[in-house]
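Below is one structure, written out as structure tokens; comments come after it.
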Amino acid sequence: MCGRNQLFVASLLASACLIYCVQYVTVFYGVPVWRNASIPLFCATKNRDTWGTIQCLPDNDDYQEIALNVTEAFDAWNNTVTEQAVEDVWSLFETSIKPCVKLTPLCVAMRCNSTTAKNTTSTPTTTTTANTTIGENSSCIRTDNCTGLGEEEMVDCQFNMTGLERDKKKLYNETWYSKDVVCESNDTKKEKTCYMNHCNTSVITESCDKHYWDTMRFRYCAPPGFALLRCNDTNYSGFEPNCSKVVAATCTRMMETQTSTWFGFNGTRAENRTYIYWHGRDNRTIISLNKFYNLTVHCKRPGNKTVVPITLMSGLVFHSQPINRRPRQAWCWFKGEWKEAMKEVKLTLAKHPRYKGTNDTEKIRFIAPGERSDPEVAYMWTNCRGEFLYCNMTWFLNWVENRTNQTQHNYVPCHIKQIINTWHKVGKNVYLPPREGQLTCNSTVTSIIANIDGGENQTNITFSAEVAELYRLELGDYKLIEVTPIGFAPTPVKRYSSAPVRNKRGVFVLGFLGFLTTAGAAMGAASLTLSAQSRTLLAGIVQQQQQLLDVVKRQQEMLRLTVWGTKNLQARVTAIEKYLKDQAQLNSWGCAFRQVCHTTVPWVNDTLTPDWNNMTWQEWEQRIRNLEANISESLEQAQIQQEKNMYELQKLNSWDVFGNWFDLTSWIKYIQYGVYIVVGIIVLRIVIYVVQMLSRLRKGYRPVFSSPPAYFQQIHIHKDREQPAREETEEDVGNSVGDNWWPWPIRYIHFLIRQLIRLLNRLYNICRDLLSRSFQTLQLISQSLRRALTAVRDWLRFNTAYLQYGGEWIQEAFRAFARATGETLTNAWRGFWGTLGQIGRGILAVPRRIRQGAEIALL
């Protein structure tokens, strides 16, 4: 007995648990959740250059950052922000040197001679070991005659080409930098046969010569509905799976459009320390130099160069430079405490957690790439106001490494090339027309691009030509995210219908970024502010759109809807598309415009539940990301089923309206239903009768069908009615009493006719009874309505009379009250005036009484 009671209690508890312990999917809108994104960013700049402002929007300095209490993964190399920076800077670079004319006609044999000075003697390059360090006050800086510097090597060439007259050839003279032509090595004559460089490897185009590549600063901004996260950890080295110091921002810091190899110039990441960004899977690094050492480079192209256009043929104008004398060689000198900075780089490298080589800084050295590499790799390649310099860094490396047996200078000679290899696309070469006048440019050195080849005995820091690494240092601590404010979580509450609740308005904090301030809070705490967060999200999106629209309007004259302009305008509608997409998704689940939406879908995994007090929404989202597709599909199916149920319920609701019963369309349906019922009854009766007849025929109560159809019994045998038959015979053949002399087919037809007439009579009686009863019911209803209307009329008359009598009584009471009030006020007023009169007369009688008293006293 006790065991039965325990089993009963256990079953009750299990049933209660099944009813009350079921978890249902609950949809939350406005949760601080995000995922990595890769949409196009738009840029903003303060530069007012024509081509720069076409590419970017004006910068208004209205940007903000907030700290988040979350942990996030960052990777400078697998990063859409840095990849977009590389592509966009290349777009700016390509715009500035936009090619207009193909120089294929110049790929002809030229007869070239080395140029010699007409008025001066060339200064030979010294080959002896020397140590020369120059400063700002050195005289050779002004005269461009520092030790080891010579004159630029140039060649004067002649070639024949059909000009404007196609049937005649014309002789042209052209001067080239020696690095831009390739001459036949087996030609021992003074006059050599040369070709323009790269003629046999790629198509060469000449720049439009509209403007030159000058650096500019700009920043990236996320479209509305998206945000940028930045790793603010001091020890961040380009790859950090668990960055704990994360801030959210709408835009990046300012960055420089750098295009150089070996070194990064004018970067914005320099700090009072040296740090290294190291690729997560190979030896590529970017080293940020300590700005304490004030490292700068000053480059100069001496001479007063002029440029002349040469018309080669119709539509082809080639910009060249005439030779008056051999120009002085371009050169760069390095200012600052370079040796100390390089020592700090070695010490920082030895302490880096990714470094596996020797810790002896004496065995860590800087080396140049192989001489057989591309010129942009073997030399330091940089731009100086439109001219691209290729600087031989041997003297500089000897000076930094203090190689006593080799030439050491803190300046380097540079060659100028006008046919350059583009740094982003392989096999594309552009001819840059020379710039006139003397060119100088000064830059701050902020980083080193290098590959680390470590070993137990020696470590080589090899300078690199990966220009893209510069932007990984500038923007590698950012990542682009898309805010996904829709979250799922299990709760024991099932969907129910209730009146909408008006929540109190929350204060908008920091616009769109204020929505992310609760990212580090627990799920339970964040869920309490979903209404305010969702409004903050939408308000922030609208605010970002308005700001973007304002800057687009300010620049619409210069924008002209270029490719970048189209992207900037597209960024403005991205947020609205995202918001509408979220609302459409919520609507498909039956949760449109709700912050917390309970559903009837059971939770998919009972063992997977959130810790509302200790887990953030971002952590919970990562755990259930694989289940979102199934949850979404289940919610859609549940909503479809609920809509079907609501449709059926609404159809039933129409019956409770009395007027719908008398609708014409309803009566047509009723008639259809009645016809269907009558036809069904007839068919059912026929089927039942046929079945009964078949059963009787099988029992022998009708003649056997095997008799010939044309057979008629000629002799009628009368059987005595009182003669008893044998019991077996009566049971087998049945009772044959009566005048059954008709043939059985005719009798059977008569029987069917009688049954049909009986069925029709019964249907007629049923319909007549139904109509009579309906008429009686309608009469009763009409009588009830008549009595009800009479009662209502009498009640209204009685209450109207009662109200009329009450109104008259109230009016009379008011009139009596008015009369009493008037009389009371009149009497009070009279008494008040009488009292005032007595007081006045008493006051006036005081002198008289005093006089009378004085007279009496004198008498």
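Yeah, the Cβs are placed from backbone N, Cα and C, and that goes for glycine too.
Residues or ranges marked as topological domain 'Extracellular' in Swiss-Prot (evidence: sequence analysis): 25-673.
Residues annotated as disulfide bond in Swiss-Prot, with similarity to another entry given as evidence: CYS43-CYS56 (among others).
Under the heading disulfide bond, Swiss-Prot lists CYS100-CYS208 (among others), citing similarity to another entry as support.
Residues annotated as disulfide bond in Swiss-Prot, with similarity to another entry given as evidence: CYS107-CYS199 (among others). In sequence order, LEU106, CYS107 are the residues of the chain that are 6 or more apart from CYS199 (disulfide bond) and have a CB within less than 8 Å of its CB.
Annotation source Swiss-Prot lists region 'V1' at 112-156.
According to Swiss-Prot, the feature disulfide bond maps to CYS112-CYS157 (among others). The DSSP secondary structure for CYS112 (disulfide bond) is strand. Neighbour list (CYS112 (disulfide bond), Cβ cut-off 8 Å, at least 6 residues apart, same chain): VAL155, ASP156, CYS157, GLN158, TRP176, VAL181, CYS183, GLU191, LYS192, THR193, CYS194.
The N-linked glycosylation site annotation in Swiss-Prot covers ASN131 (among others). ASN131 (N-linked glycosylation site): 15 other CB atoms within 10 A of its CB, across all protein chains.
Under the DSSP three-state reduction, ASN145 (N-linked glycosylation site) is assigned to coil, being neither helix nor strand. Among the features that Swiss-Prot reports, N-linked glycosylation site is placed at ASN145 (among others).
ASN160 (N-linked glycosylation site) carries a strand DSSP state (E or B). Taking a C-beta cut-off of under 8 Å and a sequence gap of six or more, ASN160 (N-linked glycosylation site) has these contacts in its own chain: VAL108, LYS169, LYS170, LEU171, TYR172. As annotated by Swiss-Prot, N-linked glycosylation site applies to ASN160 (among others), with the evidence given as sequence analysis.
The N-linked glycosylation site annotation in Swiss-Prot covers ASN200 (among others) and rests on sequence analysis.
Look at Swiss-Prot and you will find CYS221-CYS251 (among others) tagged as disulfide bond, backed by similarity to another entry. In the three-state DSSP scheme, CYS251 (disulfide bond) falls into the strand class.
Secondary structure at CYS243 (disulfide bond), as computed by DSSP, is strand. Positions annotated as disulfide bond by Swiss-Prot, on the basis of similarity to another entry: CYS231-CYS243 (among others).
If you look up Swiss-Prot, you'll see ASN294 (among others) marked as N-linked glycosylation site, on the strength of sequence analysis. Long-range Cβ proximity for ASN294 (N-linked glycosylation site), meaning a same-chain Cβ under 8 A and a gap of 6 or more residues, is found for LYS335, GLY336, GLU337.
Among the features that Swiss-Prot reports, disulfide bond is placed at CYS299-CYS332 (among others). Neighbour list (CYS299 (disulfide bond), Cβ cut-off 8 Å, at least 6 residues apart, same chain): ALA330, TRP331, CYS332, THR382, CYS384, LEU389, CYS391, CYS414, THR440, CYS441, ASN442, SER443.
Summarising the annotation, Swiss-Prot assigns N-linked glycosylation site to ASN304 (among others) and lists sequence analysis as the type of evidence.
If you look up Swiss-Prot, you'll see ASN359 (among others) marked as N-linked glycosylation site, on the strength of sequence analysis. Neighbours of ASN359 (N-linked glycosylation site), defined as other CB atoms within 10 A of its CB across all chains, total 13.
DSSP assigns CYS441 (disulfide bond) to a strand in the three-state reduction. According to DSSP, the region 'V4' (391-414) comprises 8 helix, 7 strand, 9 coil. Cα of CYS243 (disulfide bond) to Cα of ASN614 (N-linked glycosylation site): a span of 19 Å. Using a 10 Å Cβ-Cβ cutoff, ASN145 (N-linked glycosylation site) registers 13 neighbours. Ranked by Cα separation from ASN460 (N-linked glycosylation site), the recorded positions CYS56, ASN605, ASN614, ASN630 are led by CYS56. Here the Cα atom of CYS56 (disulfide bond) is found 44 Å from that of ASN614 (N-linked glycosylation site). DSSP gives ASN294 (N-linked glycosylation site) a coil state; it is part of no helix or strand. Cα of CYS43 (disulfide bond) to Cα of CYS221 (disulfide bond): a distance of 6 Å. Here the Cβ of CYS43 (disulfide bond) has 24 other Cβ atoms within 10 Å, regardless of which shown protein chain they belong to.
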